[in-house]
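Visitor: There's a structure below that I have some questions on.
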Amino acid sequence: MAIEAWYMEESEEDQRLPHHRNPKEFVSLNNLADLGVIYWHLNAKNYENDEELDKIRKERGYNYMDFLDLCPEKMDNYEQKLKNFFTEHFHADEEIRYCLEGSGYFDIRDKEDRWIRVWVKQGDMIVLPAGIHHRFTLDTGNYVKLMRLFVGEPVWAAYNRPQEEHPARKEYTKNFVGNVGVALEAH
Ligand SMILES: [Fe+2]
């Protein structure tokens, strides 16, 4: 089963709800790829001895690995942390997450700055490119176990929007959003 993604309805309701538009507007894997988002579905029960995972890690240089276990019982200030994850930001490197248990939402901005909600469940592994605006939340299941991968020593620094002059943001805009800004400036 492929990953599910959809355009979000803007709403002040609980961020853990699906926030579908009415009618629902789904987003394909190709649309996600156009934004630089890469996806695999792997066997999460076998992550310790998974040749497919090993191959991806080798090819992409993901030598660093650790785990995040997120749920109210294991975290102090769960509600506050949930809000912090939900602050729109980007990174200077890829954000690579592999869902081993539970589920959650990665929200990413499309080229027109609309929110796309990507529902990550057991076995889903996604790569968000450097410079893409995004945020994360758990869903109403309130549990996710994620594997984090990184090339070399991890840097988790987040740049909250807006920081359009940051090199990673400029590079992302150039590669995936196109020269919309340039065309506007020319007029
Ligand atoms: Fe992030």
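Cβ coordinates are placed from backbone N, Cα and C, and glycine is handled just like the others.
Per TrEMBL, Ni(2+) binding site is recorded for His89, His91, Glu95, His134. The Fe(2+) binding site annotation in TrEMBL covers His89, His91, Glu95, His134.
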Visitor: State the count of C-beta atoms found within 10 angstroms of the C-beta of His134 (Ni(2+) binding site), not counting that atom itself.
Guide: 22
Visitor: Using the CB centroid of His89, His91, Glu95, His134 as the Ni(2+) site centre, which other residues of the same chain sit with their CB within 8 A?
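Guide: Neighbours found: Phe90, Leu128, Ile132, His133, Arg135, Ala158.
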